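Residues or ranges marked as Mg(2+) binding site in TrEMBL: N7, E379. What TrEMBL lists as ATP binding site is K14, H202, L203, G204, N205, G206, D277, L278, R279, G325, I326, G327, E328, N329. The substrate binding site annotation in TrEMBL covers R85. Here TrEMBL flags D142 as active site, proton donor/acceptor. Taken from TrEMBL, the feature site 'Transition state stabilizer' covers H174, R235.
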Amino acid sequence: MWTLILNCGSSSVKVALLSPGDGRVALSGLAERLGSEGAALRLDVQGERRVLALGTGSYAEAFAALLGELDALGLRADVRAVGHRVVHGGEAFSAPALITPEVLDAIRACSALAPLHNPANVAGIEAARAAFPGLPQVAVFDTAFHQTMPEVAYRYAVPDAWYRQHAVRRYGFHGTSHAYVAQEAAAMLERPLAELNVVTAHLGNGCSVCAVQGGRSVDTSMGLTPLEGLVMGTRSGDVDPGLHDFIARQAGLSLDQVTAALNRESGLAGLSGVSNDLRELEAAAGRGHAGARLALDVFVYRLAKGVASMAAALGRVDALVFTGGIGENSVPVRAATLARLGVLNAGVDDAANARAVRGTPGVISAPGRLLALVVNTNEELMIARETARTLGA
Ligand code: AMP
């Protein structure tokens, strides 16, 4: 039995076909450049790569090509459901939802909160409903896991009317990943999740930390948008809210230009002037590049402060979990972060830390210190499981 996982962006769709029970992956792939010349669907099927050209590159064509491939593989009849990754569920969704016309309207209504993402998610869902008419479709939200945050954590100290009238509050993102790695950490530690206080650090191109108490999110570093919090690949994370006005006047920029720069030209890329890619920064810092060194230092410093702030939200921390491309692979970032967290009794086991790369999870803390773990995130599997759970399978 397979579940098709779709992550629809404005010009791309990530696809995966997997089995929610055991996590087996039948195929995975990416349709890119939708709506323009050269649109194509690239699929990995059991280690073999296939590239299918897409005519005008619509979602409909991408899904038709996918269906053709499912037929060719004899898998179509065994696909039982479609799970969609949806970025913003606002306050309307604290759990995944079976997609009905009303649910689709509610997702549309959250578009003001995620103007780049939700409209693309909705368009993808509509096209998928047309392409796979017999299959139940489920929306799994990036924000839903964080709907358990208490009001003290989710409210900004801004005029109350902004919240009441415009839904200005902290929502948090990466919820699927934080929820998944907290579960995996509990399994690795052989402890019930309900008894654990865990700080999860999802460190990829986007980065966020989350305070998970008994499996529920009680705080996280991202807020109204995914720009708040930690330093990321190209996103600034926290800045003084006065910065927008100041730099707009000084540099003669529009609000849109400032927002775009904070999202796309800041973070590791902006500080280093080299790259948003942590591997390149580590290599450049190794060659003595001062900007790359500074970017790495600021990244780690802010990450350690972020972890400590989640510890304050939890009161007691049983474990710190690293995940995402950086969290799963960067030995130096993990070591430097733990070195800065003496206040939490953190301490690294260098040999164990060095072993936890390229998909090898494990405990990386020294004995008697705060438990620190590396866990591989798997958002597709979590979406497949949530889809199955929502359908009562
Ligand atoms: P993600 O968005 O989860 O795919 O993570 C992307 C980030 O992970 C980029 O900054 C990559 O440079 C980083 N990354 C991936 N592999 C490694 C590695 N082996 N060592 C350090 N960073 C890595």
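Quick reminder: no glycine exception, Cβ is built from N, Cα and C everywhere.
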List the residues of the same chain that sit at least 6 positions away from L203 (ATP binding site) in sequence and have their Cβ under 8 Å from its Cβ, in sequence order, or write 'none'.
-> L230, L303, F322, T323, G324, G325, I326, G327, S330, V333
Looking at the recorded positions R85, N205, R235, D277, R279, I326, which have a C-beta within less than 6 Å of some atom in ligand 1?
-> N205, D277, R279, I326
Of all the Cα pairs drawn from K14, H202, L203, G204, N205, G206, D277, L278, R279, G325, I326, G327, E328, N329, the residues the record ties to ATP, which distance is largest, in Å?
-> 24
In sequence order, which residues at least six apart in the same chain have a CB under 8 Å from the CB of R279 (ATP binding site)?
-> none
Euclidean distance between Cα atoms of N7 (Mg(2+) binding site) and the residue listed as 'active site, proton donor/acceptor', Å = 11
Near N205 (ATP binding site) (Cα-Cα within 10 Å), the recorded positions in question, chosen from N7, R85, H174, R235, E379, are R235
Across the recorded positions (K14, R85, H174, R235), the Cβ with the fewest other Cβ atoms inside 10 Å is that of K14
Close in space, distant in sequence - N7 (Mg(2+) binding site), Cβ under 8 Å, 6 or more apart = V13, K14, V15, H84, R85
Listed recorded positions are R235, D277, E328, E379; which of them have CA atoms within 10 A of the CA of H174 (site 'Transition state stabilizer')?
-> E379
Close in space, distant in sequence - E379 (Mg(2+) binding site), Cβ under 8 Å, 6 or more apart = R85, T176, S177, Y180
Taking just the CA atoms, what is the gap between R235 (site 'Transition state stabilizer') and D277 (ATP binding site) in Å?
-> 12
Around the Cβ of I326 (ATP binding site), other Cβ atoms within 10 Å, all chains included, total 25
Compile a sequence-ordered list of residues in the same chain as D277 (ATP binding site), six or more apart from it, whose Cβ lies below 8 A from its Cβ; state 'none' when nothing qualifies.
-> G233, L268
Neighbourhood of E328 (ATP binding site) by C-beta distance under 8 A, where only residues 6 or more apart in the same chain count | F322, A356, V357, G359, P361, V374, V375, N376, T377
